[in-house]
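Please read the structure below before turning to the comments.
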Amino acid sequence: MAQESWKKEAEETGVHTPEAPILCVNNCGFFGSRMTENMCSKCYRDTVKAKTVATVVEKKPLASLSSTPLVTEVTDGGSGSVADGKQVMEEDTPKPPSNRCLSCRKKVGLTGFKCRCGGTFCSMHRYADSHKCTFDYKQVGREQIAKQNPLVKADKITKI
């Protein structure tokens, strides 16, 4: 009875079990299956991992080319040659965020307050007047108001 139902399922789904077990393609001694391209589970996992690493490696050089530092050549006045054979490399390495107050050097951790001047301060020095902030809040405020409220000039009215 059970064998008949298995045969019916195999006919309906179109999946047939092989008559003889298939050895792994990589000759590791284990049996493979059609779902894993005739490889055992370990060999299949290794090949999938290798394929994903290969695709990541192919994509990575494209990203690294765009983020490479700029190389500029310093030339003499009119000779057109590179001065002393040196090349100047510009690197923009972002600094890690500071976890200390810039005024008192107290550790602030996650409770630090970031100022518009670019510093991190403790609760005592978080205000602009307490840490002698160099950021011009008034000028930035004026610029924001000017952007948000453009000057509207109407056309002159012609008198009849």
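Note: Cβ is positioned from N, Cα and C throughout, glycine not excepted.
As the structure is a computational prediction, the values presented were derived from the model and not from experiment.
Feature annotations, reproduced from Swiss-Prot:
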BINDING   Cys24, Cys28, Cys40, Cys43  Zn(2+) 1 binding site
BINDING   Cys101, Cys104, Cys122, His125  Zn(2+) 2 binding site
BINDING   Cys115, Cys117, His131, Cys133  Zn(2+) 3 binding site
REGION    73-94  region 'Disordered'
ZN_FING   18-52  zinc finger
ZN_FING   95-141  zinc finger
Secondary-structure category, per DSSP, in which Cys104 (Zn(2+) 2 binding site) falls: coil
Among Cys40, Cys101, Cys115, Cys117 [binding-site residues], residue with fewest other Cβ within 10 Å: Cys117
Residues close to Zn(2+) 1 site centre defined by Cys24, Cys28, Cys40, Cys43, Cβ within 8 Å: Val25, Asn26, Asn27, Gly29, Phe30, Gly32, Met39, Ser41, Lys42, Tyr44
Distance from His125 (Zn(2+) 2 binding site) back to Cys24 (Zn(2+) 1 binding site), taken between C-alpha atoms, in Å: 68
Cα-nearest neighbour of Cys133 (Zn(2+) 3 binding site) within the listed binding-site residues, Cys43, Cys101, Cys104, Cys122, His125: His125
Using Cα positions only, nearest of the binding-site residues to Cys104 (Zn(2+) 2 binding site) (Cys115, Cys117, His131): His131
Alpha-carbon spacing, His125 (Zn(2+) 2 binding site) to His131 (Zn(2+) 3 binding site), which is rounded to whole Å: 5
Residues within 8 Å of the Cys115, Cys117, His131, Cys133 Cβ centre (excluding the Zn(2+) 3 site residues themselves): Leu102, Arg116, Gly118, Gly119, Phe121, Ala128, Lys132, Thr134, Phe135
Cβ packing number for Cys24 (Zn(2+) 1 binding site), 10 Å threshold: 20
Mapped DSSP class for Cys43 (Zn(2+) 1 binding site), helix or strand or coil: helix
Integer average pLDDT (0 to 100) for the zinc finger (18-52): 86
Cβ neighbour count (within 10 Å, all chains shown) around Cys104 (Zn(2+) 2 binding site): 12
Spatially closest candidate among Cys28, Cys40, Cys43, Cys122, the listed binding-site residues, to Cys115 (Zn(2+) 3 binding site) (Cα to Cα): Cys122
